[in-house]
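Below is one structure; the comments refer to it alone.
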């Protein structure tokens with residue numbers, strides 16, 4: 001039974017002439033309703049406990065991913081110039097998930113994050129080129145977790161022989177989750193949304209590895225929203241990330257490695273200049 005049902009069960013059920021008496025003893029009045037107050041409170045306590053447990057598990061998953069990315073060399077620290085011309089104290093390079101073991105692990109993170117997100121979906125789509133491998137591996141991981149769905153991807157150049165066309169894999173239908181590494185300018189998402197809609201399917205969400213929580217623009221002209229926020233606003237669908245800048249800062253807080261903790265202040269300063277709140 002939902003929390004709303006629990007609360008509605010305590011609405012007034014006595015006749016009007018009893019109101020003055022009951023108003024003086026609200027708990028007694030609640031006890032006279034179909035669902036007893038004690039039972040309602042137990043149910044509510046259980047609901048909140050489940051929510052806290054899920055939040056804790058989600059936080060652990062995000063921290064595990066940051067740790068995994070650092071150990072794999074995918075997430076590194078130093079001074080890096082981004083495409084926007086900004087000097088960043090960290091760099092995330094998903095291209096380094098380049099062997100079977102690493103890809104298998106990152107696919108598990110994708111799959112668990114998607115299932116935990118509550119997003120309703122029927123299949124996956126991987127935009128060329130990085131998204132092809134990521135969506136395929138995530139479909140395998142989902143099947144291992146008991147959720148078998150189809151996946152498709154696009155070619156950069158349409159094929160005019162054989163099966164032809166620009167799409168490969170399962171037919172695009174139902175609710176489709178776009179799987180990619182990050183969102184920068186949002187170009188890949190826009191192209192994916194157009195392909196999915198043109199096939200008569202519905203873009204349900206975008207699933208990414210890392211949300212930098214960084215405003216659009218460059219080192220001088222700083223936008224109001226991040227690329228992730230722009231996508232959510234433009235297409236009205238959620239962007240689900242395995243981890244974000246908040247998780248990275250949390251990791252650096254407890255890294256225990258002086259070589260890493262020194263970057264905490266730099267990452268915080270970078271966020272102060274270019275960052276946004278969680279999307």
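A Cβ is built for glycine as well, from the same backbone N, Cα and C atoms used for every other residue.
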Item to check | Given TrEMBL lists 91, 92, 184 for orotate, the same-site residue among 67, 175, 197, 212 | outcome: 212
Checklist entry - Within 10 Å of the Cβ of residue 130 (5-phospho-alpha-D-ribose 1-diphosphate binding site), how many other Cβ atoms are there? => result 18
Checklist entry - So which other residues, same chain and not among 91, 92, 184, 212, have a Cβ within 8 Å of the centroid of the Cβ atoms at the orotate site? => result 82, 88, 90, 182, 210, 214
Next on the checklist: Just to confirm: which same-chain residues, 6+ apart in sequence, have a Cβ under 8 Å from the Cβ of residue 83 (5-phospho-alpha-D-ribose 1-diphosphate binding site)?
Outcome noted: 184
Checklist entry - Which of these binding-site residues is closest to residue 91 (orotate binding site) if you go by CA atoms: 130, 156, 181, 185, 187? => result 181
Next on the checklist: Please give me the CB contact count at 10 A for residue 156 (5-phospho-alpha-D-ribose 1-diphosphate binding site), counting all chains in the structure.
Outcome noted: 9
